[in-house]
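Here's what TrEMBL has on this protein:
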- 47-65: transmembrane segment (TRANSMEM)
- 86-104: transmembrane segment (TRANSMEM)
- 116-132: transmembrane segment (TRANSMEM)
- 184-206: transmembrane segment (TRANSMEM)
- 218-237: transmembrane segment (TRANSMEM)
- 249-265: transmembrane segment (TRANSMEM)
Amino acid sequence: MEYISVVLFSLTQAITEFVPVSSSGHLIVLHAWLPALPIDAVSFDVFLHGGTLLATVVFFRSDIVQLSRAWFTSLHRGMYDTTARLSWLLLLATIPAAFAGYFFESIIENTLRSPLIVALMLASVGVAFLVVEKTTAPRLNVESLRWPAALGIGCAQALSLIPGTSRSGITIIAGMLAGLKREAALRFSFLLSVPIIMGANVKKIVPLWSGTTFSREDFFVCTLGFLISFILGYFVIKYLLVFVKNNSLAVFAYYRFVLAAILLLI
């Protein structure tokens, strides 16, 4: 039964890391309905996020290589093309969440992770999805994004530290408010997730590795979670980009409303 929990937690993390429905709400439901995991939750979380991080890097490997090369080249050539400019926009957008995560993540996690707050954030962002779909006419690609807009998306990403918000959800909303098309906002959100997830994992790994001993079973559980998160995460990215390009975000809003209601009932 414990391994069923491992699989379900891994599947949930792989999907909700990218789909804008909030992982926090789903994890609260799973913790209420499933047996405890057979491993320390922090250790398992590091491996799950490692899997989704690798899925993002593999899927966007071409973009990441081009952006990295362009960024290093821009150090001596300046903003010589749109790729170099985009690399700096991503760096700028990373700063607010990196700052907030480093200084306030533990405080937020310890004080705001109640079912009521998560439910309120689920519903609030759901309403924002409906509003942004009705009131905006996004038409820009990522390369057309301006510096203030990139910083605004970065500040929105910092708000995703509040459980129930959804990092991808709030950054898509901010991107569309800045004029980006849905698929462009989602692409920017995915690329923006790489340094944030990597940084969050490094922050957890440093104290974890110094005081944790892994048994053979622990290693198996973590490897299983990592592989599920990586494989499923890759396909979630692939099909979500297609779905968002051709469909409204309203379906995610309605799903969030249902999940919020469930959280208030358990």
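One is the number of the first residue shown, and numbering goes on along the chain from there.
Keep in mind that glycine also has a Cβ here, set from the backbone N, Cα and C atoms.
Automated prediction, rather than curation, is the source of TrEMBL annotations.
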Select the range from 47-65, 116-132, 218-237 that forms the most Cβ-Cβ pairs under 8 Å with the transmembrane segment (249-265).
116-132
Near the transmembrane segment (218-237), which same-chain residues lie under 8 Å Cβ to Cβ, leaving out any that are not at least 6 residues past its ends?
3, 6-7, 9-11, 13-15, 17-19, 37-40, 43-44, 47-52, 54-56, 58-59, 190
Should anything in the same chain at least six residues away from the transmembrane segment (184-206) have a Cβ under 8 Å from its Cβ atoms, list it; otherwise answer none.
17-18, 42, 45-46, 49-50, 52-53, 56-57, 59-60, 63-64, 67, 90, 93-94, 97-98, 101-102, 105, 138, 140-142, 145, 153-154, 157, 167-168, 171-176, 178, 237, 240-241, 244
Should anything in the same chain at least six residues away from the transmembrane segment (47-65) have a Cβ under 8 Å from its Cβ atoms, list it; otherwise answer none.
9-10, 13-14, 17-18, 190-191, 193-194, 197-198, 200-201, 222-223, 225-234, 236-238
